[in-house]
Protein chains: 2
Amino acid sequence: MVDTAQRPATLPTPEAPETSGDTGPITLNSDLAAAQVDVAALGRQLLGTWADVRIKAREVTARPDMQRIEGLSMHDHRLRVLEQLKVLAANGHVHRAFPKHLGGSDDHGGNIAGFEELVIADPSLQIKGGVQWGLFGAAVLHLGTKPHHDKYLPGIMDLSVPGAFAMTEIGHGSDVASIGTTATFDPDTDEFVINTPFRAAWKDYLGNAAKDGIAAVLFAQLITQGVQHGVHAFYLPIRDENNDFLPGIGGEDDGLKGGLNGIDNGRLHFTNVRIPRENLLNRYGDVAADGTYSSSISSPGRRFFTMLGTLVQGRVSLDGAATAASALALTIAITYGSQRRQFTAGDAEEEVILDYQRHQRRLFPRLATTYAQTFAHDEFLVKFDEVFSGKADTDDDRQDLETLAAALKPLSTWHALDTLQEAREACGGAGFLAENRLVGLRADLDVYATFEGDNNVLLQLVAKRLLTDYSRKFASADAGALARYVVQQAAGRAYHGSGLRTLAQTVTDFGSTARSVGALRDTNVQRELLTDRVETMIGEVAGHLRSANKMPKKQAAALFNSHQNELIEAAKAHAELLQWEAFTRALETTVDPGTKRVLTWLRDLFGLGLVEKNLAWYLIHGRLSSQRALSVTAYIDRLIARIRPHAQDLVDAFGYSQEHLRATISSGIERERQDEARDYYREQRASGQAPAPEKPAKPAKPAKK
Amino acid sequence: MVDTAQRPATLPTPEAPETSGDTGPITLNSDLAAAQVDVAALGRQLLGTWADVRIKAREVTARPDMQRIEGLSMHDHRLRVLEQLKVLAANGHVHRAFPKHLGGSDDHGGNIAGFEELVIADPSLQIKGGVQWGLFGAAVLHLGTKPHHDKYLPGIMDLSVPGAFAMTEIGHGSDVASIGTTATFDPDTDEFVINTPFRAAWKDYLGNAAKDGIAAVLFAQLITQGVQHGVHAFYLPIRDENNDFLPGIGGEDDGLKGGLNGIDNGRLHFTNVRIPRENLLNRYGDVAADGTYSSSISSPGRRFFTMLGTLVQGRVSLDGAATAASALALTIAITYGSQRRQFTAGDAEEEVILDYQRHQRRLFPRLATTYAQTFAHDEFLVKFDEVFSGKADTDDDRQDLETLAAALKPLSTWHALDTLQEAREACGGAGFLAENRLVGLRADLDVYATFEGDNNVLLQLVAKRLLTDYSRKFASADAGALARYVVQQAAGRAYHGSGLRTLAQTVTDFGSTARSVGALRDTNVQRELLTDRVETMIGEVAGHLRSANKMPKKQAAALFNSHQNELIEAAKAHAELLQWEAFTRALETTVDPGTKRVLTWLRDLFGLGLVEKNLAWYLIHGRLSSQRALSVTAYIDRLIARIRPHAQDLVDAFGYSQEHLRATISSGIERERQDEARDYYREQRASGQAPAPEKPAKPAKPAKK
């Protein structure tokens, strides 16, 4: 590396008086510096509702035989992960969601909590396990009926029947309703005939399809008596005892991927493959021997959404796994940043890189987001458990759960990629070495952004829901409803409708920056700023789209498309609000005052970070004056400095040991090397043996004015 | 993949009348739709000053034997790249920068142009070649003198002597001045004694060090007569004829990395390794037989910067290669997006995904930036050539070149990562397959952000230069100087000092959005908005730092640190302005009117994209009214729609053939599959054999208001 920079350095100044002319005087609290994080208690809080399951899972992920080995060939990696799956099948780690009478424990939330921890061992393990038990097995469980359960689940659970989840087609990713594969009922033989009508209808990207799978749950258009009843799921053997494809079935290996190469993704196609009628997973739709179709759900659209809705757990698990990976990355980068020294302010000793403002700016907001996601994920998991355990599974509950999934999964999976990359860059060249794990994790998690629903498509689902809610409330002519609809997205929070207007109207009154900063610290002000933005964005788009239902279809679609970007941004804002709300609720349950204080700074950093990111919106819409907008950034700078002394505690609380981190640079080796170098120079100076400088010392200085 | 979305679709509406209530009426130019891009002419313009060299290089990169094979083991990949390097050595592709009398052509600009094209074949090839000829060879060329050239360059050029560039230490990445390795002169034997005093001083991340290198240029603190004269370069054999380390030398393999695994990066350390005095590369500093040190540059600091400045070409080459990779990624994603269909507005046929507004918003601004970078890079390369050919190599020229390198390399390398990722996601699951190249390129280019100078550190160099210029101008009490200093960073542009103030003052006059949009289209308005921001940001920070030189050193450093983030943002803004200027100059040389028109939209998209990204700044500082700020986004939406019909032409003009793209999805296969599927359904409908829908067709509609 070539570099000529003398980076001006500094010491940490967490509680230094004003450093920016923009921020005005603040009240110095003498106990700020004294705030301490109770790492153990915070760690317990972060583990969440299924803490015991997670602790057990972390014992599994700490086992070397369950972990990824960097640099394995695709072939060897696949073999290794398959062996690891057998361990999971044997120890029951992956059976929690299955029925008690088959050896499971009907524990849906705990099941996901345990699954998502596997990402720390190897994302391929998490995802291949997810394919087997979370998709293939769950489809039999949720779309099949008791005969299917009794017949198929035992083999799925114990992995004697590895299977694929054959939904996605090469021509149809996120648009499942449009898949081309057909299952046509033949009453003469009492069979379904499966066909792939054209190349674009090949099933693709299916885990377990290239090599290990001997069966599949296949999604196809069900046709009987000349009528197409939409997408249904079928149980289908695909390979024989020699692991050769059964007659009429063909396929290809997807080959090397950007990551997750421990999973044998592949393609499948079908030519007149016949399966017995009872292989239709018939919970939501059935065909009688004479070919008569019946369903408990009369609307084909609602039936489709209900069937697919049972598979939401994939998204839940990705949200949790992405958040765990972000936490791991930040633990590595912040630990390293606390030990690594580079550049000097002219003193003999170099500065710790985490003391540089830019380094803090790069890592701490991402830490705040990771905390928000951790808390939001636990609430999400509770909601999922309530729906799947039957505790609260009305249609509304299920729709709320799906909207929550569609909102949170995109944000957390994108955040993981962003955080892993920033952490990698923050560790410099060392971050690029496979031994320090960041590059491998990033490569594996890349596809989380587009599988189980493309992130952009999911956010459009959220936007549609917001628009629908808006239009319902609006149509009902209840003036207050408009102000309340977003509230319902985040159940349980107190919404001060009047505060919102007050904030907007009195913004010009905030002449004093000090008062302005004070207001930004206020939980209700943050809530109002964030809530108001979602409401207003949706209201604006709804206004633009109002004329759509009077238009010809094509024109209406064009109008909608011209607001697509805004809609997705509104959905993001909504999801961020949900995360902020969860963080805020978590604060309420934090007992230790020191921990609560530091966590509040972190929550403020998250909330004000969202405001800063969208500052233009707040200015344009008159929600913030220029004066106050400036104070947002200034206050974020101050929060970052306050958080600095607690950064290590905040990542330690995630609870990952060296067995989980497995990164050379976070093992303490960097501190040893730095100490050795400093000792060397100290001794040299003390001994008088140090070579003289060519010219008298002329330390680097900051640029003079 | 599980998805339940019905994404509302649309048709492209490039010249549709107003779709947003924010934008007001525009003048419809009937010839907008008729604008055609002259792809061949634009292609020639994009090839730039060294078009002939690039065309030749693309013949090399189109050769299968020179290309990366996905999925090779690290071992095999290294072997393959070494063999490819031998081809380059044999055909002279990499010798252009070397002296004519040794078989080179003293062509510095052409050399880099040829090098950076290699990224298309395999980034490992580009970088390993860069290590051998651009770092190891160039250090001998630029830091050594004629005896070194005659003795070492022939073996370096023909690859009989593969070598490492041993600068970076594990404890010191970007802070080269602080490296620990020592070279102490021993007059008794007329030798330098090389030592690694502690673990942190091991050389690390060195290409060619793990396996192939038999020599190195080593950077070490030169000590003679008890005085340390700072970092100097030495020529040092490291391995014997059996490829074993020479006595006193040890090392390690860096092992697997996040990418670039065709390069054998490794570590080296030294214990009392003796080399003859003449192995000091003594162009800028020498030691006589009696141990007397001499240098043509009396200041140790200036000497250091001069020596390292000769190695700027690495950054030049990364800027070009990163831009080429971005162009390749966009060619793949936009070609695929133009063929891939997904979701329907209720018609029988699905929409092309590039017709979705969000998809355009994801890809077209990145296309605009890639164009800006392509033009900026060519100017950068011309500047580099002028300095290194001696046409214009004053100290000021060299400093300008280094500032330019420090400004452009960070932006283009980050842009490449961002673009490769967005392109990958825009291609969905297919983008994650290695066969479609995006994931592999992204993995390889990851480290471009931190090697050859960490991006954040480089931007601080730029900021320092801006501050220095500012303070010089300011100190000279010339009131106009302040307004001019940024101008000088981007030589040749016309700056309307008065326009800036006018803009700010009359902003409230722009009641009509139409006029507002008209102004945003104006080249001078864009220039002023961008220039003003850089000036103002630097001026503000300078104001905050004014008191620093009256402070104790530590306090001053702390003050500086508290503005580190702002400084880096200002440097980014400066670099973006340079790119915008280059794009604007390129427009002036575009002859074909249709091409010029479309390129102007693209330049406007780039310029206004920068304004939109920093909209809060413009609002806070009173440069844009809320009304006009809204029109920025609305106008960008309009530009994107206008560019849509030309998107394929704009990527085709980059000039990459299928041999360069090598991505299955951009080969036309997707169109074939889509056509086959559509034909199938058409025939089925025509034959009357199509199954009936369960209920009468009820196409998806946009949400009603």
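Here the Cβ of each residue, glycine as well, is placed from N, Cα and C on the backbone.
Under the heading compositional bias 'Low complexity', TrEMBL lists A:8-19.
When Cβ-Cβ distances below 8 Å are used as the criterion, the compositional bias 'Basic and acidic residues' (A:673-685) is approached by residues 339-341, 348-349 of the same chain, each at least six residues removed from its ends. The compositional bias 'Basic and acidic residues' annotation in TrEMBL covers A:673-685.
Sequence annotations record features per position, and here TrEMBL assigns domain 'Acyl-CoA oxidase/dehydrogenase middle' to A:164-273. Secondary structure of the domain 'Acyl-CoA oxidase/dehydrogenase middle' (A:164-273) per DSSP (helix as H, G, I; strand as E, B; remaining residues coil): 6 helix, 54 strand, 50 coil.
Look at TrEMBL and you will find A:309-467 tagged as domain 'Acyl-CoA oxidase C-alpha1'.
Annotation comment: TrEMBL describes A:525-666 as domain 'Acyl-CoA oxidase C-terminal'.
Residues or ranges marked as region 'Disordered' by TrEMBL: A:1-27 (among others).
According to TrEMBL, the feature region 'Disordered' maps to A:673-705 (among others).
For the compositional bias 'Basic and acidic residues' (A:673-685), the DSSP counts in helix, strand and coil order read 13 helix, 0 strand, 0 coil. As a summary of secondary structure, the domain 'Acyl-CoA oxidase C-terminal' (A:525-666) carries 122 helix, 0 strand, 20 coil according to DSSP. Looking just at the domain 'Acyl-CoA oxidase C-alpha1' (A:309-467), the mean pLDDT is 94.
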